[in-house]
Structure formats: structure tokens, C-alpha cells
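Asks: Would you mind keeping the following structure in view while I ask a few things?
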Amino acid sequence: MTLPPSLRWTGDHLELLDQRRLPEEVSFLKLHQWRDVAEAIATMAVRGAPAIGVAAAWGVVLAAQANEDLDLAVSVLKSSRPTAVNLGWALDRIKASPAAQEPVDPQGLAAVAAALEADDRARTQTLVDHGVGLLASGSRVLHHCHTGAIATAGVGTALGVIAAGHARGVVRHAWLDETRPRLQGAALSAWELGCLGVPCTVIVDGASGLLMRRQEVDAVLVGCDRVAANGDVANKVGTYNLALVARAHGIPFYVCAPGSSMDRSTSDGDAITIEERPQEEITQHRGQRLAAPGAAAWNPAFDITPAHLVTALITEFGVIRPPYRDALQALPLDRQP
């Protein structure tokens, strides 16, 4: 089965694959206003740091076409998911373009958004090629959350490495954390790998330690929403746990990080804002209550994995190993798409 695109621009509106309806239904939202794009990002209709960055850029185009305040649109779009740096990265670039200056040029902004989308396709493909080269033949890879093609404008990051690795005879099997509470691993990663014919098994998040203890995992491969200047990584909550267990069992822990996810202005993980989502995502599932009545829940969407637990960062620039601070500082992150 051919995977649907995460988004597509029609010329006057943006169509977003509604990831909330997967795997049961493949459907697209038709968005004509920038506020609808912000809502789609906040409610996780579109997910994946690269994908939400590109979607937000198209949201700015919608604002320009409607002759609305670009500063307001950029501000609201930036706040829709605060942890993923790709969002600000894309919005800063489109806002700084000549087309965003008065008089605003909607067609020029559309060209910038299209360039950002094409840039993500190129970045992810190169990153995936570097990642496949790291894995030994016959690898069994453990993955957390969802980082596939529909989380980007291209082929994905960590899950893209797994898919390409299987196609090239390198990856034998994928273990997928279900990824509570939104179940991105069970719903999205398993669906995407199933479409591509990649053998995979979903596990509850708490089973990963036993799996590694039994020597069923050759590498852990995850994506990220932000990499700080020192190499600390913000990713879906539960990533830190995986890194600790992988270190305990001597299993390499790789983070796939396109340049758009790197934030040299943030000194370390402690300075990263962690989004906290509604407690109902934990206490309820599809309208059915799971937790005891009156039970409170804490729902951070992300956690921080310290740089010393990361075996390597897989980027479009190549594979980066510790120490990270100097290596990240040397990357040409300021180039324009």
C-alpha cells in the first residue's frame, strides 16, 4: 500500500492527513484558515515535529491570502505545540522572508512554504540513508512513538530508517512501544510499517526492559522534538526510560535529529519547555473512563534524555557522536532551504 502524504497544498487551502482517525480511516482535513491549522496542530490531527513545522508555514500562507495579521498568526501557531523546535524554525524562516514584509506577497510566501516542504523531504531522505548505514545486517530495532513518513513531509526519521533498512535487507524486525497515552506506536507506527510490509510487534511501554534483558533488541532508534546545544534530547515521554535501560544492557541508543530539530540557543534540556496535555488523555480513552473516578493524572507530553545516554545523533549532515556541544556548534544550521 502506498502511504498517503502528511499534507498537501491545493493552491487556496491546506489538506492535512487526520492522524487522529488512523488506522481505521484515511481522511484529510480541508483547512482554509490559519486558525484551523493551529487547532489541527494543538489537537494532534497532524503530528511529528517536521510535519507540524511545514503545516504551520502553510498556515502563514493562509493568513496572508486572507490579508490577516501575520504577527498574530505566527504567534498563535508557535504556541500550538511549545516543545517541538521545528515549529518555530519554520515560522521564523517564513516570517523573515522578503515576501512577509509589507506589502505582503502571498504567492511569495507560498513559494517559501513549498521550499520548506521540499527541504524536509531532502533532509529526511539523507538522514535515513545515514541511519541505515549504522545498523548491522539482521538488526532488531526498538522504536518509541511515531516518526514515520506521515510525521514529516518526506520519508520519516527513525521509522524511516527502519523502513528503508528493511527494504535494503538490514532490519529484520521492529519492536514498537505502544506509546501511552495517545498510542502513536500502536496506531500510527504499526499501521505505517504494516503498509510497507515491515515485520513488527507492538509492546506495552513497560515491556521494553524485559525485551532488552532477553537480548531481543540490537538497537534503540527514536526521533526527537528538540536537541539542545549540549546534546540533551526532548522526545516523547518514555524516551528517557528507554535510554536508561538501553545503557544498562549495552544497547546503542540512536536519536534521529534533522537540523530543523536542533536548537543551539537552548543550553541544555532543563531549559526546554515541556508541554503538558489534558489529564483526560490518561484517564479516558475514546470517551470511556479508564481511571478511578476522581483520580488525578499528570500528562507531560515529552521528557528529556541527557546527552550522555545518546550513543549518536543521526542527522542529514552525518552521524554525530559525543562530545556533542562542539559538533553541534559546527553544523551549518543557518542555511536557508
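The count begins at 1 with the first shown residue.
Heads up, the Cβ atoms here are built off N, Cα and C, so glycines get one too.
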Asks: Taking Swiss-Prot at its word that Arg47, Gly48, Ala49, Gln184, Asn235, Lys236 bind substrate, choose the one of Arg8, Arg81, Arg277 listed for that site.
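Replies: Candidate listed by Swiss-Prot for the same site: Arg81.
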Asks: Hey, how far is Gln184 (substrate binding site) from Cys145 (site 'Transition state stabilizer'), Cα to Cα, in Å?
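Replies: Here the two Cα atoms lie 5 Å apart.
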Asks: Return the residues near Gly48 (substrate binding site) by Cβ distance under 8 Å, restricted to its own chain and a separation of at least 6 in sequence.
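Replies: Counting only residues 6 or more apart in sequence, the Cβ neighbours of Gly48 (substrate binding site) under 8 Å are Ser6, His146, Thr147, Gly148, Ile150, Ala151, Thr152, Gly223.
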Asks: For a quick check of understanding: given the listed substrate-binding residues Arg47, Gly48, Ala49, Arg81, Gln184, Asn235, Lys236, what is the maximum Cα-Cα distance in angstrom, as an integer?
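Replies: Between the most distant Cα atoms of the substrate site, 16 Å.
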Asks: Using DSSP with the three-state reduction, classify Gln184 (substrate binding site) as helix, strand or coil.
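Replies: Note: Gln184 (substrate binding site) is helical by DSSP.
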Asks: Cβ within 8 angstroms of the Cβ centroid of Arg47, Gly48, Ala49, Arg81, Gln184, Asn235, Lys236: which residues besides those meet this for the substrate site?
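Replies: So the extra residues in range turn out to be Ile52, Ala84, Cys145, His146, Thr147, Ala151, Gly223, Asp225.
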